[in-house]
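S.K.: Have a look at this one before I ask anything.
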Amino acid sequence: MTSTIQRLHLTHPLHFVIGLTLWCIWFIAVYGGHAVACAVAPPAPEQGVFTLVNAMLLLVSIVSIALLAALTLGCCREAKRHEGRLRFNAAVSAGLYLFSALGVLFAALPIIGIPPCL
Amino acid sequence: MTTINRQATPQDPQNPKDSQGLHEDLHEIWGNPRGLKALTIVNHTTLGLRFMITGMVFFLIGGILAMLVRTQLALPGQDFMSPDIYNQVTTMHGTVMMFLFAIPMLEGLAIYMIPKMIGARDLVCPRLTSLGYWCYLFGGIILTFSLVIEMAPSSGWFMYTPLSSSEYAPDLGSDFWLLGITFVEISAVSAGVELVVSILRTRTQGMALHKMPIFAWYILAMALMIVVGFPPLILGSILLELERAVGMPFFEIAGGGDPILWQHLFWLFGHPEVYIIFLPAAGIVSTLIPVFAGRPLVGYGWVVFAIIVTGFISFGLWVHHMFTVGIPQLAQAFFSAASMLVAVPTAIQVFVWLATLWLGKPKMKLPMLWIVGFLVIFVCGGLTGVMLALVPFNWQVHDTHFVVAHMHYVLVGGMFFPMIAGLYYWLPLFSGRMPSETIGKWGFWLTFIGFNTTFLIMHWTGLLGMPRRIYTYEEGTGWDIFNLISSVGGFVMSAGIAMVLLDIALHFRFGKPAKHNPWNADTLEWANSMPPSAYNFVSLPKVDTRHPLWDNPDLPRTMAEGKHGLPVATNGRREMWGTDPLTGKVREIIHLPGNSWWPLFAAMALAVVCISLLVRIYPLAGIAVIVAAVFLLRWSWENGAHPKAAPDAEVAPGDPPLHSRTMDGPGLWAMSITMLANGSFFMSYLFGWFYLWTVSPEWRMPETSPLSLIALIVAGLSLTCGAGILEKCVRGLRQKRDEGLAMGMYSISALGFIQVAITVWVLLSADLAVTETAHDAIMMVGLIYVLLHGGLGAILALMQGLRVGYGYVGAHAPFEPAVVAQLWRYNVVVFWIIVGALAVLPRVIGS
């Protein structure tokens, strides 16, 4: 775990943008994937939310949240180990990863309540 | 050389007699010429002012149009304007305010302010600043000229298809919009690229990322958002113009296109645009509040966090402008949630500002009055924004005056008020004089009261069901009184703005001379003379705090005495530090080009392209494109070790090398950021291709692909081979080896031209019916895209070969091939993606 964190260089400012880039990729994947699924193989409306489309979107979202949460924890740990510039970088990155994780969680909530192609 | 900006004001810290020689030397190198040669100026201070003054002129035009609209709507059944003229006036009001005022004005402020704040002497690509200004000016003139001939665009500022297509808008109005705006966008993207590189690579010594002035963070985010956000609209404009001029049916259902594609491309740009405007304005707020509260900003890290979040999330909201077009409920829910998310970073900033005021001792000077006005109005606009993010409410008020009111609360509150606060705050820096508090307060209160009278009331007009963009309404609809009040408010607001402009105009003549750093600010721009010299600082300080002038009030004097970095100007070059983007450690000396005609000439040629496309004289447009390309290539020739740039690499003992003698100059960064913009354009193209393929109801794909896969693979291999050789050459240069460099460059160029030739053959042999199906039309656009890139890569490699021969490139000056390699890498990736998307996937998946 420690070596993985070191390899990720979590005090580098590149992490300011990685979390939200992952959020964007998730967002495009979910929106685009949903649009393609509805165009190619729309499930029957009577299935409600219990469709393969919802399941896949939920799965992608859970994986994204897990990844972002892990990176949040990693950055928090790094922030505690450093001072000055490196601490600033890691702390801001931790906040951004946390926001990205919560952003996925919040925007993914409708997946469990709304049928996909109505 | 005869120069202006030579006179320093009495309160000038750069006026000590014992260092006058240093000023004279620097003025000789950096000073601005007068007369006709003033057109060659590339200095950021002058160009920033030109941007802002031009922006204010367009603001006045947009404001007059707004007053015409309010006059028309003041009473029911008015025939003050015909429906067509009314449509032109509303369209141009929105267009002028968004594209010709808000963005250029804030970019102008950033261009003016950023080098001064980060302790640099200029922006990193001064000629690009100049090109950007001329493109903005010419594009703006072309667009507004359409008003004079009563042929202005009339389809709304977002130009929805099919209303803006040939069928419903057959005259030249839409063409004026599409060509003029694309021209202006060259300016915006240029400024975006160089602001990013300047902030990352030219901060003064020691100014690490976490020590940057907060305004620089905002501008960095804004500039990156411009770089990524504008290309979708540029693509959309090109496609729509091709549809109108040639008949390629990108947005016509019958031809396999889809008008909704325009909405996607427009709002992919349009929603981030709101934050592109808001962020620099919020940067002004975050700069001013600590100064007037007399304490550092509470939660600098939180604000950086909020800026980054805003920058990203704002790209995930575009569909909330399209909730009524019929997309599935689940997709609407994603965008509704994302639209609510963006309120979080905005709220963080509001709380940071309130906390800073709470913990400080605020002084209610004129700029602060405008900041308070901003807080009130913008918070209201933000709240109605959250209301509009809710799908059912959005459906109810869609296309009503409620949306117009919300938009003005966000844009006028979120941009105009902070901008005026910033103008008042930096006015002493611009002119050396103070504004009138009395006239200024009158201006504020009239504007504030007038604005709320106009737009608060307009919320109710909208809730009562008045649609936007109707040129009149019947008596008894219940909208009469509200419209009248709004119109009266509009004129009160105009009177307020007139007073502000009067105050600013009068202060140049009658304003009291300002003492140095009159607001006791903390940032480096106040270490300048007032008004600033052309080179900003005699010497470049080491900064290891966020508040250099609070922590070291003596800094302006010691900087002016030449006691810091790079005070000597013996070699005749315009020089400043190139620093590490993370730590601020000095890495090299960046030498900048001097004044140049090339940006003006290139912009003039591009203006000819724009006008000849408008009047549909295509051969002239083609010639002008070639002329513009020649000008731009000639411009690029005067770089590096060229006699007009830095033939002599000598530096003072102990100083780092010149950037052109290293492998990591700012040009490399500028190319990377340009490729980011280019990549955004390409991704938008791919989105269009897959969108039409997936969604368009009449999409027609042939049974067999018209593109020769084998020929494309051969072309791709030629390109990849060229890129491989170029990488080998660059690796050699890193190791100071340049044997066979010229021959290598010529070979690379030849491989590039082979790729171009084969791609041309593929295009011609495909026999595409570009006016009949969107499939063929979009395929054609993709192939032309890779052709242009391949051609540019080949020409640049050829020029590098020639430059090796002239001695401008080699082991002694190894920088440029690395820059060209960036383009080649991009070309290789894009070419193979095009092959995959256009030639392989259709064969695999079928239609």
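Every residue gets a Cβ built from N, Cα and C, even glycine.
What TrEMBL says about a protein is an automatic prediction, not a curated fact.
It should be emphasised that the depicted structure is a prediction, and the values quoted were computed from it without experimental measurement.
Positions annotated as compositional bias 'Polar residues' by TrEMBL: B:1-18. Per TrEMBL, domain 'Cytochrome oxidase subunit I profile' is recorded for B:29-544. Taken from TrEMBL, the feature domain 'Heme-copper oxidase subunit III family profile' covers B:586-843. According to TrEMBL, the feature region 'Disordered' maps to B:1-22. As annotated by TrEMBL, transmembrane segment applies to B:47-69, B:89-112, B:176-202, B:274-293, B:300-321, B:369-395, B:407-427, B:481-506, B:668-693, B:705-726, B:778-802, B:823-845 (among others).
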S.K.: Considering only the recorded stretches B:176-202, B:274-293, B:369-395, B:407-427, B:823-845, state which has the highest number of Cβ pairs under 8 Å to the transmembrane segment (B:668-693).
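M.R.: Per the Cβ count, the answer is B:176-202.
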S.K.: Are the transmembrane segment (B:369-395) and the transmembrane segment (B:823-845) close enough to be called in contact, which here means at least 3 C-beta pairs under 8 A that are separated by 6 or more residues?
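M.R.: As far as Cβ distances go (cut-off 8 Å, pairs 6 or more apart), the transmembrane segment (B:369-395) and the transmembrane segment (B:823-845) do not touch.
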S.K.: Any contact between the transmembrane segment (B:274-293) and the transmembrane segment (B:89-112)? By contact I mean 3+ C-beta pairs closer than 8 Å, pairs at least 6 apart along the chain.
M.R.: yes
S.K.: Can you tell me which of B:89-112, B:176-202, B:407-427, B:823-845 gets the most C-beta pairs within less than 8 Å of the transmembrane segment (B:778-802)?
M.R.: B:823-845
S.K.: Counting only residues 6+ away from its ends, which parts of the chain sit with a Cβ under 8 Å from the transmembrane segment (B:407-427)?
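M.R.: For the transmembrane segment (B:407-427), the list is 97, 102, 105-106, 109, 113, 274, 277-278, 281-282, 284-285, 287-288, 291, 366-371, 373-374, 376-378, 380-382, 384-385, 433-435, 440, 444, 447, 451, 454-455, 458, 500, 504, 507, 511, 519, 525.
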S.K.: If we call contact 3 or more Cβ pairs under 8 Å (sequence gap 6 or more), are the transmembrane segment (B:481-506) and the transmembrane segment (B:47-69) touching?
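M.R.: Between the transmembrane segment (B:481-506) and the transmembrane segment (B:47-69), contact is present.
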S.K.: Cβ under 8 Å to the transmembrane segment (B:705-726), counting only same-chain residues 6 or more beyond its ends: which ones?
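M.R.: Distant contacts of the transmembrane segment (B:705-726): 744-745, 747-749, 751-752, 754-755, 758-759, 761-762, 765-768, 776, 779, 783, 790, 793-794, 797, 817, 820-821, 824-825, 827-828, 831-832, 835, 838-840, 842-843.
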S.K.: Cβ under 8 Å to the transmembrane segment (B:300-321), counting only same-chain residues 6 or more beyond its ends: which ones?
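M.R.: Result: 210, 214, 217-218, 221, 224-225, 228-229, 263-264, 267-268, 270-272, 274-275, 278-279, 286, 327, 331-332, 334-336, 338-339, 341-342, 344-346, 348-349, 352, 388-389, 394, 546.
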